[in-house]
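Student: One structure coming up, written as structure tokens, with questions to follow.
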Amino acid sequence: MATADDLKFQEFDDAANLLAANPDATTISIDEPAEIPKNQHSHLQETGREEDDELLGTDDSDKTELLAGQKKSAPFWTFEYYQTFFDVDTYQVLDRIKGSVFPVPGKNFVRLYIRSNPDLYGPFWICATLVFTIAVSGNLSNFFIHLGKPTYHYVPEFRKVSIAATTIYAYAWLVPLALWGFLMWRNSKVMNIVSYSFLEIVCVYGYSLFIYIPTAILWIIPQKVVRWVLVVFSLCVSGSVLVMTFWPAVRDDNRRIAVATVATILLLHALLAVGCLAYFFDAPELDIPAPIIPAHNGTTVITKSH
């Protein structure tokens, strides 16, 4: 039986025998400094830039994601091409809605929720729900305000549905289209400008409108102070999503242009909210003089319409 001393340097003896058999063999010393500290140093220098790339999305990352999605690409005239825009499950939609209602400071909504799989399912149904919510809530608000007046007769205003639909869908499509074109134009002028895809911008705007659905329901309360407080709160929530998404994309541009771009985004968003509140809920009811209809018994009947 071999003792511990016999086995103690057995590995070193084997290595010595191998080196003697092949003197030209390359040896590595465990005491030699490796290149790891140098790599670590360069990695630390590029940490800040990598965080920006992760936040904004570089051309390399976009190309990688595009190549990764080539398997499900299809010609635009086929049904499969448009089916990919609605290829999301309930958990993804709920997660994106939660992200739009509870924005995380310093987090990019596109990079955090949208970039992996942008969809049109959530934005389409959010806009549709918002259209009917504003139209129905506006009618109910008008009904409760005039409830108890003997001269008031409630008549549903179905035209408000078409007006709300035109306003909401025009905003959710035309504004992203203009913003996408602007980012593409500035990207040709400034190298560091990051251009989101049109689908990603539409997705951000669609999900940012979700907060107005419960807000429109609460607008039924016939108190102007409460309504304006809800408007300000909704603007702060949804506006922060837009700012945290698009400010990193334009911050490397000229300072005035970057600030003007973000200010325009917030201004259009505020005009949508204030316009919906003013037209559908705070619009004064105009009394239209009713025609005088002579009765057969010699008396005059005056009808009053609203």
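Using N, Cα and C of the backbone, Cβ positions are placed for all residues, glycine too.
TrEMBL: automatically predicted annotations, no manual curation.
According to TrEMBL:
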- 29-59: region 'Disordered' (REGION)
- 49-59: compositional bias 'Acidic residues' (COMPBIAS)
- 101-273: domain 'Yip1' (DOMAIN)
- 120-141: transmembrane segment (TRANSMEM)
- 161-185: transmembrane segment (TRANSMEM)
- 197-222: transmembrane segment (TRANSMEM)
- 228-250: transmembrane segment (TRANSMEM)
- 257-281: transmembrane segment (TRANSMEM)
Student: Take the transmembrane segment (161-185) and find every residue of the same chain, 6 or more past its ends, with a Cβ under 8 Å from one of its Cβ atoms.
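Tutor: Contacts with the transmembrane segment (161-185): 123, 127, 130-132, 134-135, 193-198, 201-202, 204-206, 209, 246, 249-250, 261, 265, 268, 272, 275-276, 279-280.
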Student: Can you tell me which parts of the same chain pack against the transmembrane segment (257-281), counting only residues 6+ beyond its ends and a CB-CB cutoff under 8 A?
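Tutor: Apart from its flanks, the transmembrane segment (257-281) reaches 134-135, 137-138, 141, 160, 163-164, 167-168, 171, 175, 179, 182, 186, 208, 212, 216, 219, 227-228, 231, 234-235, 238-239, 242-243, 246-247, 250-251.
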Student: Need one number: mean pLDDT over the domain 'Yip1' (101-273).
Tutor: 89
